[in-house]
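Undergrad: Straight from TrEMBL, here's the annotation block:
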- B:Glu327: active site, proton acceptor (ACT_SITE)
- B:His328: active site, proton acceptor (ACT_SITE)
- B:Tyr130, B:Gln191, B:Asn214: NAD(+) binding site (BINDING)
- B:Ser237, B:Gln259, B:His262, B:His328, B:Asp361, B:Glu415, B:His420: substrate binding site (BINDING)
- B:Gln259, B:His262, B:Asp361, B:His420: Zn(2+) binding site (BINDING)
2 protein chains.
Amino acid sequence: MPVFISTLDDGFDAAFNALLSAKREEAADVDAAVAAIIEDVRTRGDAALIELTERFDRLRLTPETLAFTPEEIDAQCARVGAQERAALELAAERIRAYHERQMPGDERWRDATGAELGWRWTAVGAAGLYVPGGLASYPSSVLMNAIPAKVAGVERLVVACPTPGGAVNPLVLLAARLSGVDVVYRIGGAQAIAALAYGTQTISAVDKITGPGNAYVAAAKRRVFGRVGIDMIAGPSEILVIADRENDPDWIALDLLAQAEHDESAQSILITDDADFGRSVMRAVDARLDTLERRAIASASWRDHGAVIVVRDMDEAVALSDRIAPEHLELCVADPDALAARIRHAGAIFLGRWTPEAIGDYVGGPNHVLPTARSARFSSGLSVMDFLKRTTIARMTPGALAAIGPAAECLAGSESLQAHGLSVRARLDHLNDEGTA
Amino acid sequence: MPVFISTLDDGFDAAFNALLSAKREEAADVDAAVAAIIEDVRTRGDAALIELTERFDRLRLTPETLAFTPEEIDAQCARVGAQERAALELAAERIRAYHERQMPGDERWRDATGAELGWRWTAVGAAGLYVPGGLASYPSSVLMNAIPAKVAGVERLVVACPTPGGAVNPLVLLAARLSGVDVVYRIGGAQAIAALAYGTQTISAVDKITGPGNAYVAAAKRRVFGRVGIDMIAGPSEILVIADRENDPDWIALDLLAQAEHDESAQSILITDDADFGRSVMRAVDARLDTLERRAIASASWRDHGAVIVVRDMDEAVALSDRIAPEHLELCVADPDALAARIRHAGAIFLGRWTPEAIGDYVGGPNHVLPTARSARFSSGLSVMDFLKRTTIARMTPGALAAIGPAAECLAGSESLQAHGLSVRARLDHLNDEGTA
């Protein structure tokens, strides 16, 4: 049974803390296996990659067939129906338009001492995007990872996507093509991450790896972090819906179930200021659950992690929401902007009754790769910034150095870093000599 | 002996690759010890923290003396001399002015469908800054970490700084005060990181932990990552100086030695298009080395990791620089802007002969916490962005949902996420019913 609690209950704090701290996913201990796989690919390159792909994906590759040929991609893309193609194109266009606005600007200015300061942004040279095979092979994730990289200006963007037993998802290939991906490799698991991080005879190493994956992929990303950049390690997905009684319980139930159907570890929480409305939503969830193809998954998620929380007023809702720091936050209330203005921690906010979270998964425009497990307290969703880095710029003039150099020399002395001070002093002495010459 | 190689040499590629891949630091294997310390603090809180501080720092604390009192900080600050205080104030003011320009703006717009989209930035609620004790206790690092946090709007900013045997660095406390730090705790090591991440009876947990530390601190930060945000795990510091023959060899030598004196794992590299100039710099380094207080450290760094690389022309210098992706890059040439424009990967660039890197360590304005070990290929130095997170915003109208909802429904179907599609469909059906009513 999902939790049904009210802030009026005596045991509310304990129940809410239990909900917050419940572990929804046990990390499988695959670290030793992953370390061995990475070392193998690092040492033996293509040969190891091909052997591991045969073992794990039951697929025999050669260095020549590691990547799809453009003709193979053409053929797969041609299999996609017109409606799906149009939907994918609309999504790509809207995601691109949103992310183009994220491009930060360079800055350069001169301060009162005459020193020139600033920074500039450059793109990561090469990025690798991991796309799971099988059930969780989502074309929408390809768009959400690849388009920000391309908008940022990444020159070489490759995809690694396993094709277990040779099974290919044509929509994934079409999404890769629409996003401007350069090469798609038929590899997966920790061996794919190793190949992207260290390179093989056939595959060039990249600088940054993003994209979701199973426990092996996650462990491999953690291990290669530092050698390359990685995005976040995502936990199970979650939604918090804050809704007043004016909503259709069925709409809210479907929004909760859209999260629950992802996997058994997903979490859906409703906060409402009306207990009767809360109960109506619970009934609506039950009614819809039976009709879903993924009812086994959605039922388990709702039963084990679902919650309806009744609050006295929306002030309480705001406070609880910030403690949850949800990945997705729907505000189904009359004035969602007023409520949103008071929320501090959320990955993405969906405003009003007409904005089901599923819009954000596909065609809204904002990224659907978002911080989970309360990490919205300190981190953000994927963006073009993940594929850019900033170089700071400083240029002293003799006058600027004369103005601020002595302070640097003084502080270097305090830190017992004598050569630091001398590197400033040598230049200042030269200025003084010139001045007195 | 430092490496002296030329791109004209037969073995250049091998020698350069060896330089790039040389491991300068062995990570101590402290992970098991750190895991035990974290678990102890997590379980027993203050009691564990106090015991561990007595063991490692030879200092007996109580819950009441974990933090410095304002009066204790006053007394320590009063010990700082006028010149050092003025230098620290100038540094703080310049760092603040630079970082204030980094504050990103919120965005909100309406697209052609009527959908409202955008994002907004909010500050991390609470941040903890680690400051090492002993030799590497740098007041400049306090400014560089704390000021961006305060500029970002972090409400609660605390410092953890061990005081081994009770030894206090008054400049660290003054830097904390000038930066707006709220509380300074007399704790260090993995136990301090655990206390900041999980909280104790006396210390409230923070959301983000930044700042340098030894192997124990680094391992602890890796372990608590996910529970809280962390900054990068910094490796040994490094500089690349690109200089033509028009420089004073002594100035360049001092710039190289300012890096080398940090620690034996630091690395200083000179690239020049004039072999004779390169040899002059090597002689100047040797001459200066004997005069340095830290000559043992600087000599070891220069001997084991130093390098002078002679190139045919500055085109080669640019290409090699991007392969090094240096933390600090000095361009001591006639037209440093032209050269900088062609560089893609560097943490910070120092333009021209009058900008020794040491200026950037203290008073330049840009942050001195920068990506090491070639990670400038994919990451940036510390900034206000590290203390902010972005929440994306989407608001559909009925018209916007009618325009783009069907595409979302279609893609949800492709991904076998039925409830996703239904959450959109229920709303679309309602619109259709209204339209036909």
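A Cβ is built for glycine as well, from the same backbone N, Cα and C atoms used for every other residue.
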Undergrad: Across all protein chains in the structure, which of the recorded positions B:Glu327, B:Asp361, B:Glu415 has the highest Cβ count within 10 Å?
TA: B:Glu327
Undergrad: Quick one, of the recorded positions B:His262, B:His328, B:His420, which Cβ has the fewest other Cβ within 10 Å?
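TA: Lowest Cβ count within 10 Å among the recorded positions (B:His262, B:His328, B:His420) is B:His262.
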Undergrad: What is the interatomic distance between the Cα atoms of B:Glu327 (active site, proton acceptor) and B:Asp361 (substrate binding site), given in whole Å?
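TA: Taking the Cα atoms only, B:Glu327 (active site, proton acceptor) lies 12 Å from B:Asp361 (substrate binding site).
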Undergrad: Based on DSSP, name the secondary structure state of B:Gln259 (substrate binding site): helix, strand or coil.
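TA: For B:Gln259 (substrate binding site) - judged by DSSP and reduced to three states - the answer is helix.
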Undergrad: Which whole-number value in Å describes the distance between the Cα atoms of B:Glu415 (substrate binding site) and B:Tyr130 (NAD(+) binding site)?
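TA: B:Tyr130 (NAD(+) binding site) has its Cα 45 Å from the Cα of B:Glu415 (substrate binding site).
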Undergrad: In whole Å, note down how far the CA of B:Asn214 (NAD(+) binding site) lies from the CA of B:Ser237 (substrate binding site).
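TA: Cα to Cα, B:Ser237 (substrate binding site) and B:Asn214 (NAD(+) binding site) are separated by 14 Å.
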Undergrad: Should B:Asp361 (substrate binding site) be counted as helix, strand, or coil on the basis of DSSP?
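TA: B:Asp361 (substrate binding site) sits in a helix per DSSP.
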Undergrad: Name, in order along the sequence, the recorded positions among B:Tyr130, B:His328, B:His420 with a Cβ closer than 8 Å to any chain A Cβ.
TA: B:His420
Undergrad: How many Å separate the Cα atoms of B:Asn214 (NAD(+) binding site) and B:His262 (substrate binding site)?
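TA: Cα to Cα, B:Asn214 (NAD(+) binding site) and B:His262 (substrate binding site) are separated by 14 Å.
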Undergrad: Out of B:Tyr130, B:Gln191, B:His328, point to the one nearest B:Gln259 (substrate binding site) in space (Cα versus Cα); all of them are recorded positions in the record.
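TA: Nearest candidate: B:His328.
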Undergrad: Give me the count of other Cβ atoms within 10 A of the Cβ belonging to B:Tyr130 (NAD(+) binding site).
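TA: Around B:Tyr130 (NAD(+) binding site), other Cβ atoms within 10 Å: 27.
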Undergrad: Determine the Cβ neighbour count for B:Gln191 (NAD(+) binding site): the number of other Cβ atoms within 10 Å of its Cβ.
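TA: The answer is 29.
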Undergrad: By the count of other Cβ atoms within 10 Å, pick out the sparsest of the binding-site residues B:Asn214, B:Ser237, B:Gln259.
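TA: Among the binding-site residues B:Asn214, B:Ser237, B:Gln259, the sparsest Cβ neighbourhood within 10 Å belongs to B:Asn214.
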Undergrad: Could you give the Cα-Cα distance between B:Tyr130 (NAD(+) binding site) and B:His328 (active site, proton acceptor), in whole Å?
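TA: Given the Cα positions, B:Tyr130 (NAD(+) binding site) is 23 Å from B:His328 (active site, proton acceptor).
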Undergrad: Cα distance, B:Asp361 (substrate binding site) to B:His328 (active site, proton acceptor), nearest Å?
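TA: Taking the Cα atoms only, B:His328 (active site, proton acceptor) lies 10 Å from B:Asp361 (substrate binding site).
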Undergrad: Could you state the CA-to-CA distance between B:Asp361 (substrate binding site) and B:Gln191 (NAD(+) binding site) to the nearest Å?
TA: 28
Undergrad: Considering all pairs of residues in B:Ser237, B:Gln259, B:His262, B:His328, B:Asp361, B:Glu415, B:His420, annotated in the record as contacting substrate, what is the maximal C-alpha distance expressed in whole angstrom?
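TA: 56 Å is the greatest Cα spacing among the residues binding substrate.
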Undergrad: Work out how many Å separate B:His420 (substrate binding site) and B:Gln191 (NAD(+) binding site) at their Cα atoms, rounded off.
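TA: Cα-Cα, rounded: 45 Å.
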